């Protein structure tokens, strides 16, 4: 601590005396009725080393007691919670917040410069309404897509759990279930998350939690605009039956003038063409991975030009999204190409012997095996005599050479040959 209360060498007008702490919802707890202990000038701030009012409370059942760690001036300078030092708006570390907003707010670390900087910030805080950040953070843009994707929208109360019992780890805890600490296996000491520092968290340097979140942000999907500047069309997928062109127009008109909206109901998708490329880029940036219309999450992609679609064509095994599809087991493979036909060869539709005379076409089907043929004079004639020569009987199916196939539909009697030969015979 810098000085005692009875010392006159320190200006006690700079000491903080607050009535309520600045806390996030997670540190405050889920119980709306809590009791806090308040101690004026109980400890010195871990950043500026000035005495401040310390609050202590229990955020919930089976949770550990928590207290404020930094003064309210340091909390307002960075817009963070006094206990966990996470951003009050996004719930993210300061390093991630400053990276997303492109803020370079370098707080001095030496004692004299830090005290001078703090006094100037207190004067700026006193002149403001106290509802918005001050300094470089107050001049930064209001939001960032990366921060909106990484932000924690609900409180994370597991962060308030008790610490791990060190006696239980050594096998010497005799409290059993009455022990207020957790009896769990500790994390790996080589894990980077096991080494966290409150000053590094506040200054936004060497924060392992921030490094983990920034790596996650670098691997998140992005929608890069195409190189062809003439493309100003967006593809909207997953429309279903509830989303109409009026719903799409009411959402996308805010980004710029819309030229056409084409809905393909069969594919449940739509193509929205903007008048300018700038409007299309803004619509893609604001709608990618966060477009919800009528309770349906829609897919947003860039359209392709006609030339690119003609060059790419349809690729086997590649879906419309561009991902390669795995083959389905059990399906037959592709059919082989048909054999090349010789133009000079005659067309043999009935698989007959090329040397056979056309008179042999009056052939009836032989009886099936196991059934005796009818006696002569009964039943349909097997052939019709033409002149003085009768055609030979066709061989049975088992005696035919391979390659000659006889189908019932090739029966000459069924094709009207009997009537033709009868009229010729009558002549």
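Every residue gets a Cβ built from N, Cα and C, even glycine.
For the domain 'C3H1-type' (159-186), same-chain residues at least 6 beyond its ends with a Cβ under 8 Å from one of its own Cβ atoms are 26-27, 29, 59-60, 62-64, 66, 84. Sequence annotations record features per position, and here TrEMBL assigns domain 'C3H1-type' to 159-186.
Here TrEMBL flags 232-305 as domain 'RRM'.
Annotation comment: TrEMBL describes 400-427 as region 'Disordered'.
Summarising model confidence by region, the zinc finger (159-186) averages a pLDDT of 92. Annotation comment: TrEMBL describes 159-186 as zinc finger.
Within the domain 'C3H1-type' (159-186), the DSSP-based counts of helix, strand and coil residues read 9 helix, 2 strand, 17 coil.
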